[in-house]
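**Q** Structure in structure tokens, see below.
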Amino acid sequence: MQSMRFMILALLVQFLPAWAINDPAKSAAPYHDEFPLFRSANMASPDKLSTGIGFHSFRIPAVVRTTTGRILAFAEGRRHTNQDFGDINLVYKRTKTTANNGASPSDWEPLREVVGSGAGTWGNPTPVVDDDNTIYLFLSWNGATYSQNGKDVLPDGTVTKKIDSTWEGRRHLYLTESRDDGNTWSKPVDLTKELTPDGWAWDAVGPGNGIRLTTGELVIPAMGRNIIGRGAPGNRTWSVQRLSGAGAEGTIVQTPDGKLYRNDRPSQKGYRMVARGTLEGFGAFAPDAGLPDPACQGSVLRYNSDAPARTIFLNSASGTSRRAMRVRISYDADAKKFNYGRKLEDAKVSGAGHEGGYSSMTKTGDYKIGALVESDFFNDGTGKNSYRAIIWRRFNLSWILNGPNN
């Protein structure tokens, strides 16, 4: 009889709408901490490499926790301006130990570089951690004199050419990996021919995170497709799953029902574009009227699968502005509905500009949610030279659930 009651309770929890869930996490003491992790050139103690190379701005964050518990935070280090083209390196920071969970600025190692060879554009970090702790890091790259729309002016006065479908002029997809907890990285391998459709010019992987499925495969979201890793951990072979209607920047999670959930940036301001499926196929993408979005990247995280199962989503919850960052929880088996959540501005970061834009999340070893979020100083009238930094936030479920509007 007791087991039957438990089964009935589990079914009720699964099918109740998000607003009806009495989450036991709400009774815990709310916790939140935050500080700038990637400090732009206009800030006190700006982040530089050990070589002395500094960066005007940092953008496009990604964060993962390895199987040892160490946290790796990635970003684009933009050398001369905040813009999407020109000399951009892929940089990162690690927590000093596997147990400190990045709780304070002193818990992080200094800035390092994954790759920055040449004056080209390295970006869109999209890591995924395998069962054997191999960290696969997918990257996008294009040549120094190319940009997405062309006719942009580099610091030396060179006018960029528009990215095209030639081998020299197209966006390339690279993969690097680490087998020592992110301490060192292999030379990036160009997988464009294998994993990017023929004839494409522009391309983007992630940015954000890949995932490991309960069935063992790895899945990395990319423009118009998923990249699938099959085979033994640390020795994966990669293939492509095309997705009709998918966006240029996608996020992915395996929901509690075992299905895959793509939540993509819309091509225009409005609402997030969502589709559900499996490795065998996806349904159609459709706007989610409950998730407004200003045509920006977002991030999604499966926090846990046991009852009450929780899926976390973070974006700018506005159809017009990137400054409305809000974190939400869904209790639905398919992440159909998210609660109101909590605005990140409830815990503002002093002296770090105007928070909002791209983000990435991971679950820390002490059961917190760790989130990297962009911040823009908007201290230049044209926006071209406005400095960009990246904030690190740690908060628990109770902090979300005890928000003033939840």
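Every residue, even glycine, has its Cβ placed from backbone N, Cα and C.
Owing to the predicted nature of the structure, the values given are computational and were not obtained by experimental measurement.
Residues or ranges marked as substrate binding site by Swiss-Prot: ARG59, ARG78, ASP84, GLN148, ARG265, ARG322, ARG323, TYR331, ASP332, LYS337, TYR358, ASP376, PHE377, PHE378. Residues or ranges marked as N-linked glycosylation site by Swiss-Prot on the basis of sequence analysis: ASN235, ASN396. According to Swiss-Prot, the signal peptide annotation covers 1-20.
Walk me through the surroundings of each of these features.
**A** Long-range Cβ neighbours of TYR358 (substrate binding site) (same chain, at least 6 residues apart, Cβ-Cβ under 8 Å): ARG59, ILE60, PRO61, PRO207, CYS296, GLN297, VAL373, GLU374.
Secondary structure at ASN235 (N-linked glycosylation site), as computed by DSSP, is coil.
In the three-state DSSP assignment, the secondary structure recorded for ASN396 (N-linked glycosylation site) is coil. Close to ASN396 (N-linked glycosylation site) in the fold, though at least 6 residues off in sequence, lie ALA25, ALA28, PRO30, TYR31, HIS32, TYR367, LYS368, ILE369, each with a CB less than 8 Å from its CB.
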**Q** So if I draw a 10 Å sphere around the Cβ of ARG265 (substrate binding site), how many other Cβ atoms end up inside it?
**A** 20
**Q** For TYR358 (substrate binding site), which DSSP three-state class applies?
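**A** Reduced to three states, the DSSP call for TYR358 (substrate binding site) is strand.
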**Q** Cα-Cα separation of ASN235 (N-linked glycosylation site) and ASP332 (substrate binding site), in Å?
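**A** Distance between the two Cα atoms comes out at 34 Å.
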